[in-house]
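Annotated features in TrEMBL:
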- 10-277: domain 'Tr-type G' (DOMAIN)
- 19-26, 87-91, 141-144: GTP binding site (BINDING)
Ligand code: GDP
């Protein structure tokens, strides 16, 4: 039994793809699912292109705007591995859900558009992965198009992200003259636009294609060989330890659209990506292969089925095996109850998962039981996993009820949604006006939509723009320091917070008030 569980857990690989919109996340996800046989046609994942809606497009807002608001989960089998891909919204209006999803994975895949390099959103998401110290694999996409020089891209990754790179393979040309990749790991060349096994050319001891081959006549082949030699001599040495700490990223080149380099990427990824790791808890480190189900809620999503007012709590399993109807204890309330209804997530509804163990994600129907960050454990056990980080909000709005007579549902809605972690709530000092903070504009739209639909409360939101939020370390705070450009507010636990208009206002304030210590909860630079 224990061995079985260990084998199951070790076959799990759970990751998220981090990228800037349009880098090719949807395309790559689709190709991965195709390899795993989880979907039959490309185009299933992003429904906006085919008119069908994807499994991940649950909410109405998603439908209206044709974007994926929330993170969903796709699971598929490849050889002996069971792979969970946790989707993160590709839209720039992303939210805290995106960040929290990264708390539930064991590794990340970063996609970079070869013509663009590191973009803003990639950087933000990378920082969260860095904070967790999880392995990050890099896929440089769109080699079928003219992009930037590969050496230049590597230098940018190293400089901007402060991480060592190790190219697992190297492109031979690009765009119209893309011949394929020189695979350092498998010691072969993989030719572009050659479908069958003949696409692989083995290399001799000198790293040269064996025998005569037309590819040798291209100057780009010589250039790639020279660059690989340079990498062998002057580049970083591959280190599994560094990879596991998130200090080195293996880099792969390819073209998701033409399915080139994707399988090689997947196989190498599976060779090096870690299975579920022990997680810290109030009971010490919990071994993922230990008996006794436990896990934590990393996101709560409402109204996945518009016909019902249900919510789904997404749970990352951290130990043991999940069974329908099992009895668990919620650590926060110490209440015991049965998990009678659950749901699992796949790109294809035809297949169902028979077993859910550490590394897998389950969705539990929620009628208001769960909060984000909650831990549950089998039987009477009380296990609390580490608190999920609170991400620094960047955008703020003032919020009021449209109908002053309906204050009750307004307050109830706000407090529940805030507790759920949908938005962050602040209050001004004197008037106790409500201010909401979020990391993305879309969070406010989802908030307004849910207030109306779930709490029957029409709200008015007034944009305040972006602000720099800083918590105050010193206990006593002088209210007279509050101004238009450095607004003093309280968070929902009554801790004082300054909302600065911009960097300049922040610097001016710190110069004037050197004794006040300001803190950014997400300081991960
Ligand atoms: P996402 O926003 O990151 O999910 O990006 P998508 O997967 O939707 O891709 C954005 C655009 O880039 C689409 O038009 C894709 O067809 C295109 N694309 C994705 N991968 C490649 C590639 O390897 N080569 C080329 N030329 N285009 C690609």
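Backbone N, Cα and C atoms are what each Cβ position is placed from, and that goes for glycine too.
This view paints the features noted in TrEMBL onto the structure.
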residue	record	DSSP (3 states)
19	GTP binding site	coil
25	GTP binding site	helix
88	GTP binding site	coil
143	GTP binding site	coil
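Proximity of the binding-site residues (19, 22, 88, 143) to ligand 1: a Cβ under 6 Å from the molecule is found for 19, 22. Taken as a whole, the domain 'Tr-type G' (10-277) shows an average pLDDT of 86 in this prediction.
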